[in-house]
Amino acid sequence: MNELIIVGGGLAGCEAAYQALKRGVSVKLYEMRPLTSTSAHITGNLAELVCSNSLGSLLPDRASGLLMHELEKLDSLLLRISRATAVPSGSSLSVDRNTFSHKVEQELGKFPNFHLIRYEIKTLPDSPTILASGPLTSPSLAEAVAKFTGQNNLFFYDAVAPIIFRDSIDFSIAFSASRFAAEKGQTADYINCPMSRDEFDAFVSALVTADRIPLKIDEKNIVDGVNAGKSKFFEGCLPIEIMAERGQKALTFGPMRPIGLMDPRTNQRPYAVAQLRQDDLSGSLYNMVGFQTNLTYPEQKRVFRMIPGLKHAEFIRLGQMHRNTFIASPTVLFPTMQSKIRPDVFFAGQITGIEGYLGNISSGLLAGINAVNFLRNSDLLVFPPTTMIGALCRYITESSPDHFQPIKANFGLLPEIKNRYVGRLERTTQYVENASLAMDTYLQEVGDQLR
Ligand SMILES: Cc1cc2nc3c(=O)[nH]c(=O)nc-3n(C[C@H](O)[C@H](O)[C@H](O)COP(=O)(O)OP(=O)(O)OC[C@H]3O[C@@H](n4cnc5c(N)ncnc54)[C@H](O)[C@@H]3O)c2cc1C
């Protein structure tokens, strides 16, 4: 058999499809949108980015920079397209989300054996399949997955940030700059709304007392022993109002930190800053960085318009909170992304508990290659734990099942380095060098399994 079913045309599913197609396997990719949508997607596009348009830092000494480097070595289609559709955003890789999606569909469509089927899958297919239906897997399929794995699905809450029309920003107050732009020789890619201490304090008071949308936590098939009775948020992407509740100054150490920025009106560092990042190639839309929220829509408009420069802001999209479903990967999956229950079923993307765009592209890449190897009776790949991809797969499959929580790429997942009592830069350099060497050595060893 030389055919693979992929459920879900998101980041993981599209990368998996490319890896299978380029190895000569036919792919039937089932995507339910636009006929049936999720609560976070807006378009019917493949590989839609649901919130931020940033894939993370490009800097080689950051976890996302390392992951990009690994994806590049492994010929990731989605990383290549990200670079081709990048918008200016300092040292991050951010894309024009619509052009990105269209290019993904265009590139996959170049393969004659690629079949895109707009249809909601409700039960697990009985031929070789990659399940990449994402954190917002449709309820019927989520139920089928729970039955398949023999466990209740787990869940947590994740939020999206608002997007603003650039021409509604007041540039007599807001200014363009990147952090430490002069020192790092960077261009002024972000729009910054500076705040005095009084403005910030008033903003925080309004933020933490504003009306929120109540979370539903007793949803059928989702509540488990750990989750029952309390709401759970992903620590790496907390709603801004939850961050603000943790202390009056919490945001000035988080998304509103003023470090590296100088207000040109005063030539002083502001007390706090709200940063906006370009969201489309034409530069007409800007994303509020770190402002993911669960406030009601009228309250978002009221509170965010208190930010200096945003008094008349017009929003093309407001923030929202969503329930993310994931499986108990430590009991369900091998680090190859293959299920322990049925060898011809693979999982990829956020449904496995890997968080973040890049991590999800990586798991799709691995599932795609391994599903092909399975079809060919060839050995499956397990990346070394010293690499970022290997570490992510190991984390989701070897963590304690009782405390399993989604995770983003980070250096803490990598095995300890020899000399860890050194400065951050030296430490991360060691991690990156070890990872790079391990990946190169591994790729040489498994050359045949990669073809
Ligand atoms: C609200 C929210 C905000 C997020 N914000 C960020 C962020 O800013 N930055 C970041 O790095 N990560 C973010 N994430 C996390 C994660 O990186 C993204 O969700 C990412 O898109 C996951 O990739 P995926 O391929 O697993 O799922 P998706 O990209 O969601 O793709 C899954 C696809 O499967 C389809 N599908 C679902 N059920 C079925 C079915 N039954 N039949 C057919 N098709 C189906 C869906 O329509 C979707 O297109 C966010 C997640 C959520 C939910």
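For all residues, glycine too, the Cβ spot is worked out from N, Cα and C.
If you check TrEMBL, you get these features:
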- G8, G9, G10, L11, A12, G13: FAD binding site (BINDING)
- 4-377: domain 'MnmG N-terminal' (DOMAIN)
Relative to the mean position of the Cβ atoms of G8, G9, G10, L11, A12, G13, the recorded FAD site, which additional same-chain residues have Cβ within 8 Å?
I6, C14, E15, A16, E31, L46, A47, A132, S133, G134, A348, G349, N360, G364
Near A12 (FAD binding site), which residues of its own chain have a C-beta under 8 A away, given they sit six or more steps off in sequence?
A132, G134, A348, G349, Q350, N360, I361, S363, G364, A367
How would DSSP class G10 (FAD binding site) in three states?
coil
For G10 (FAD binding site), just count the other CB atoms lying within 10 A of its CB, please.
30
